[in-house]
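Copied over from TrEMBL:
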- 20-41: transmembrane segment (TRANSMEM)
- 35-281: domain 'G-protein coupled receptors family 1 profile' (DOMAIN)
- 53-72: transmembrane segment (TRANSMEM)
- 92-114: transmembrane segment (TRANSMEM)
- 134-152: transmembrane segment (TRANSMEM)
- 199-219: transmembrane segment (TRANSMEM)
- 231-253: transmembrane segment (TRANSMEM)
Amino acid sequence: SRVTEFILLGLSDTRELQVLFFTFFLLAYAMVLLGNLLIIVTVRTDPKLSSPMYFLLCNLSFIDMCSTTVTSPRMLVDLLSQRKAIAFEDCIAQLFFLHFVGASEMFLLTVMAYDRYTAICKPLQYRAIMSRQVCWVLVSACWAGGFLHSMVQMLLTMQLPFCGPNTINNYFCDVPPVIRLACTDTYVTEWLIVSNSGFISLVCFLVLVASYMFILVTVRVRFTEGHWKALSTCASHVMVVTLFFVPCIFIYLRPFSTFPSDKHICVIYTVFSPVMNPLIYTLRNNEVKASIWKL
């Protein structure tokens, strides 16, 4: 027999907490959609925000809207449902799109760090290096890389037999909790997935840290107002990187079967990070704030 559906345990089985979580996550989801949509409309309508940095920021806002839409609507429905069942095909689809937009965001944050490095360390060559054509190529490469990564995750998960327990100790379908339910030895599959998801998370994070270290060294040498303004922009990027990458590395860079589920940590990069992005980029950027008030 093969499992045809999974049961999601959610964040809590207490009715009062479920109502509280529903209210909180509904507000968070609305903030993500409205905040990121406001950033996209502002960047698209204000000619002053035509630099590559704002083009990449617009794409980041779109990815944040997609990533939270993959998990939040289903979680909100389940918080008010008695039986939190999800079909096997829907579970695999959620897993696929979660890693698709998640990996694309990792690559895009890396591109944004490269953009800031070029703007600060090579200001005279910035317009030539980060032309609009180059930006489109980099963003397309981010989406293509996310798609390839997600395809590998999905294929490695789908080839496993699921014939026993069908209870997922999480509020959405992800590789670690689903892998634990397979009716076979998943040691090799786990390490293949860890080397894929974990390796991508770690490499992108190290590249980001290296780029910001180069920026700090450059700013330390050049004490100009423009460079300190760019450093302030980088500080917001560091906050996003910390919120997004650290939980991902903790979740995916380890064997799944030997560690318990960390569904509460997953809330950080599926809910809090998309909520914080529009707040960080608007509150710490005077040009965006001025454009929003003008709009």
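Each Cβ is built from the backbone N, Cα and C atoms, and glycine gets one as well.
Just so you know, TrEMBL annotations are computer predictions that nobody has curated.
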Task: Segment proximity, the transmembrane segment (92-114) to the transmembrane segment (199-219), 3 or more C-beta pairs under 8 Å - done: yes
Task: Residues from the same chain, set at least six apart from the ends of the transmembrane segment (134-152), whose C-beta lies under 8 A from its own - done: 52, 55-56, 59, 96-97, 99-108, 111, 196-197, 200
Open item on the list: If you average per-residue pLDDT over the domain 'G-protein coupled receptors family 1 profile' (35-281), what number do you get?
Closed with: 85
